[in-house]
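Q: Below you will find the structure I want to go over with you.
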Amino acid sequence: MTDIQRVGVIGGGLMGAGIAEVNARAGLDVIVSEVSDDAADAARDRIHGSLDRGAKKGKLSEDDRDAAKAHLRFTTALDDLADRDLVVEAVAENAELKASIFGELDRVVQSRQAILASNTSSIPIAKLAAATDRPQQVLGVHFFNPVPVMKLVELVPSLVTSEETVTRARTFAAEKLGKETIRAQDRAGFVVNALLVPYLLSGVRMYESGFASAEDIDQGMVLGCAHPMGPLTLADLVGLDTLKSIADSMYDEYKEPLYAAPPLLQRMVDAGLMGKKSGHGFYDYR
Ligand code: CAA
Ligand code: NAD
């Protein structure tokens, strides 16, 4: 049985919105914290839009959709997370930003039993834990995109996370959210991104070198290997800024060329081409 009922989500972007949605659909009381009123409104629109689409497709009843909406609140004040049992941080992949948020959470969240989790893809959990006075309650709880569809959650304890925290997070993810969990060590990329990111970067390099067109690279992996989408479409789905940040922290950790972001990826981010979320990446979504 899980003791977690009140959940906070920091950041209501691609991932935070999905995490908030699955928690609200599971009947938990959810508060989403964002940087500004506009960003909070955008997060609400994103989550409500997804719930409305789900109801339209018959995946949840209109009553369940309305109940999920009623379980969600939005704020720009981190102090509103004081009574949470679990907080999942899902802001941009930036170690300094995340560490400062964990420092703030340590001050704000009152229950010493509360779990402070990060959805980071690649930043060491130990660094985030060190920003708090309760490192045993800090771990990585890594969801996958799109959160309502993907079954997996990676659990990432740091060297000082307590076993009790890992067990409580596993029980919560399985019993409340219906997710499968795997356990990974606190190494940049954990299990899935350690394998996936070099593959996505190879796709970008192949395209950058003129080896094949974006469409042919993607078709190759969809039709040749039965992947649901090709590497460039998947890079666009993840977000090119996020992919670049993940590659940077993995390169920083391992110093291996296979994790080095290709120049084209950097140029696309510089040019504001962030993938599907900005309307343009390797493909045009406008
Ligand atoms: N929210 C809710 N449901 C969604 C959704 C969303 N955002 N996006 C898609 N779906 C649902 C659709 O409603 C549909 O459900 P039904 O089949 O029951 O109708 C189903 O998913 C398939 O969607 P579509 O038919 O619209 O499109 P598709 O068949 O092309 O599937 C996809 C879309 C699920 C994204 C699929 O292409 C896929 O699985 N792609 C790979 C995703 C992946 O690899 N994710 C991992 C990214 S890496 C990561 O997350 C880690 C990191 O740190 C970067
Ligand atoms: P995103 O850019 O879509 O969203 C980030 C959100 O955080 C934005 O809405 C932004 O306004 C908000 N934010 C920034 N600073 C904040 C603060 N101080 N307080 C509250 N909100 C703040 O990014 P995303 O794709 O949702 O990624 C979020 C995290 O999830 C990253 O750590 C990323 O590595 C990880 N992740 C991403 C994916 C993916 O496929 N995109 C998959 C798994 C994990």
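Keep in mind that glycine also has a Cβ here, set from the backbone N, Cα and C atoms.
What TrEMBL records for S50, K57, S121 is CoA binding site. If you look up TrEMBL, you'll see 7-186 marked as domain '3-hydroxyacyl-CoA dehydrogenase NAD binding'. Among the features that TrEMBL reports, domain '3-hydroxyacyl-CoA dehydrogenase C-terminal' is placed at 189-285. According to TrEMBL, the feature site 'Important for catalytic activity' maps to H142.
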Q: Could you tell me the C-alpha distance between S50 (CoA binding site) and H142 (site 'Important for catalytic activity') in angstrom, no decimals?
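A: S50 (CoA binding site) and H142 (site 'Important for catalytic activity') have their Cα atoms 20 Å apart.
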Q: List, in residue order, those binding-site residues out of S50, K57, S121 with a Cβ under 6 Å from any atom belonging to ligand 2.
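A: By the Cβ criterion, which requires under 6 Å to ligand 2, the hits are S121.
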Q: K57 (CoA binding site) to H142 (site 'Important for catalytic activity'): how many Å between their Cα atoms?
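A: About 27 Å separates the two Cα atoms.
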Q: So which of the binding-site residues is most packed in, judged by how many other Cβ atoms lie within 10 Å of its Cβ, out of S50, S121?
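A: The most densely surrounded of these binding-site residues is S121.
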Q: Fewest other Cβ atoms within 10 Å: which of the recorded positions K57, H142 wins that one? Let me know.
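A: Each of the recorded positions K57, H142 was scored by Cβ atoms within 10 Å; lowest is K57.
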Q: Would you list the DSSP helix, strand and coil counts for the residues of the domain '3-hydroxyacyl-CoA dehydrogenase C-terminal' (189-285)?
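A: Secondary-structure composition of the domain '3-hydroxyacyl-CoA dehydrogenase C-terminal' (189-285): 66 helix, 3 strand, 28 coil.
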